[in-house]
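Data first, discussion second: the structure below is written as structure tokens.
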Amino acid sequence: PSWSTPILESVASIGLLFFLFLVGLELDLASIRQSSRRAFCIALAGISLPFLFAAAVSFILRRSGFDDEVPYGQLLLFLGVSLSITAFPVLARILAELKLLTTQVGQTAMAAAAFNDVVAWILLALAVALAGPSGPSSGPLVSVWILASGLGFVAFMLVVVRRVMEWIAKKCSSPAPERAFADEAYICLTLAGVMASGFMTDLIGIHAIFGAFVFGLTIPKGGEFAGRVMKRIEDFVTGLLLPLYFASSGLKTDVAKIQGAEAWGLLAVVISTACAGKILGTFAVAMMCMMPARESLALGVLMNTKGLVELIVLNIGREKKVLNDEMFAILVLMALFTTFMTTPTVMAIYKPSQTTRRRSHELQDTSQPELRILACIHSSRNVPSLINLIDATTSAAAKPTLHLFAIHLVELTDRSSSIMMVQRARRNGLPFINCFTIPGNYQIAASFESYCHASRVTVHHSTAISALHSMHEDICHVAEDKRASVIILPFHKQWTMSSGVENVGNGWRVVNRRVLETATCSVAVFVDRGFSGGGLDSPEEAAAKKVCVLFFGGADDREALKIGCGMAENPAVSLTVIRFLGDSCDESDEAVLSEAKVNLAAEDEYIEKKVAAKKVVEELVSIVRGKGFQLVVVGRNGAKIGDMEEHQADNPELGTVGDILLASTATGTSLLVIQHHDGKEMKGKESVGECSV
């Protein structure tokens, strides 16, 4: 009903106000300078050429009778801004879904879009100032006054208010007892500041959203305060209030106003002009920057993405009477068309090779000069035990050059904010901060940095963003790209002292299974049941770290034995190898066992067990419980003997032995289940996907 429209628009405007505050909060102006010169050139070309095309379209509009009462300069500014805008949040999600975030195209597009965003807000403020508070009837002196007042407002915010917000952020980071109450008070004060800033710019004659955006820029990007503010309002604003703004814009768009061949012809002209200006300008400069033709064309299409900022510009133009209802509808349809065409067009013209080279990786033992491990992480809780495991894997005295590629797996969901999602994948020095936006991300990075400094291990920490159904593609692609010898996956269940077993999600269980099926190197599933306790930095601290290798026979068990022997070279580890004898023996098994017995130290132990067929499971559980091992290393698909063949595994990704131990052993025993990679098994399979790291 018509009576509800003012209420809807009021609530939608409040949501837009706080959303633009969040955009300013996330944007780090200082880091934009660190973007590449190529990104700056591409962004400038993507703005300049559409403005030139907008000048021609504005001339056609005035000659054809559309908006002939609006001054040419105002129409040119609003039309130019609408044609030159690149929607950063929409572009971010498209790149993530296409797995292009870490490609040259994706990184260049994101850096150029960030610079484009800044320029777009400046041009929008200029357009609003020129339009004046009363629409096109305002005089030039009023516009000059609005511009001068706007510049003064920005200077005041960046000089004075910024200092105040730095003081508030520092107070909220202090460990004072009254900090909790202070946090609430300062967050409320900050939210009130958003409204006050919007009121001031509206009073000046510039749209209220400009004030909220500038206020967001004044908040320090380091520390915890910005993260707390974002955490409090982000879901409410983007999940509830902001959709109302889209609904309001949809209600204002009357497609029926586009009548006659001339109007539909104008729609075709506007769409063609928008696509040609953005794509050709970006394509030409990208080619001059020595980018391949396909990547340059894909970049041009990506930069033509429209979104929320486009709707903001059009709604402000309609409010200022610069755009009539017919022109508003035409430009909204243009924005929808250019956005909808982006994904299929990019997929058609630029599809990174989905076929990666197939290599057979034998796990490198510690006598080789280099060991490369890809370790996957769900949260900061996985880090201590993972570091202990990596530190135990190789000898402190004769440690090879160990490269640890730690990848933080982040699920891409429909609820994720697009800008925050992209921050998780951004590398340091790019225009958007990421230290406080992901739970645990700062702690993960700090832990690995400390470990890197305290050891001889080279650590590379990154973040992978993907939907769970395609996360395994990203993991396998990174393993191939980094030439990893083994992938370590955390089990989908975690054990805690307080709450017992905690399931982090069956989706991660599916990810593990798919990695086991498609990986081109060995894979280890790590079940952590307290292996992070203590430390492996010194023999005194870690003397109780008792590791056991259970050997039944087969390629996976041989791989597990190699890992166990590597751990045995660490003086902080005591190794026990237990071989269960079956009815037959394999020459390969005998060779590996013979070599292992020769290399074992005096304090290590080698045991052979011949168990009755009906008591294998019972004996297996009894040995592990009685010896008090902290870690058991076992092959996933080892030989089955006796009553093991009757066991129905609840967790097939752990294999028969791993599933038996998971269900039966004490909570203090962690498991490392190894699957050996055989190139013959993988022959003919293909790895697909691009990693978003």
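Just so you know, the numbers here start at 1 and follow the chain as drawn.
Cβ coordinates come from backbone N, Cα and C, glycine included.
Note that TrEMBL annotation is computational and uncurated.
Worth saying up front: this structure is predicted, and the values here are computed from it rather than measured.
What TrEMBL annotates here:
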- 6-27: transmembrane segment (TRANSMEM)
- 6-346: domain 'Cation/H+ exchanger transmembrane' (DOMAIN)
- 39-61: transmembrane segment (TRANSMEM)
- 73-96: transmembrane segment (TRANSMEM)
- 108-130: transmembrane segment (TRANSMEM)
- 142-161: transmembrane segment (TRANSMEM)
- 204-221: transmembrane segment (TRANSMEM)
- 263-285: transmembrane segment (TRANSMEM)
- 328-350: transmembrane segment (TRANSMEM)
- 402-534: domain 'Cation/H(+) antiporter central' (DOMAIN)
- 546-680: domain 'Cation/H(+) antiporter C-terminal' (DOMAIN)
DSSP-assigned states of the domain 'Cation/H(+) antiporter C-terminal' (546-680) in counts, ordered helix, strand, coil: 62 helix, 29 strand, 44 coil
Spatial neighbours of the transmembrane segment (6-27) far in sequence, C-beta under 8 Å, 6+ residues away: 114, 117-118, 191, 194-195, 198, 208-210, 212-217, 219, 226, 229-230, 233-234, 237-238, 240-242, 244-245, 247-248, 251, 308, 312, 419-420, 423, 431-433, 437
Interface check, the transmembrane segment (263-285) with the transmembrane segment (39-61), three or more C-beta pairs under 8 A: yes
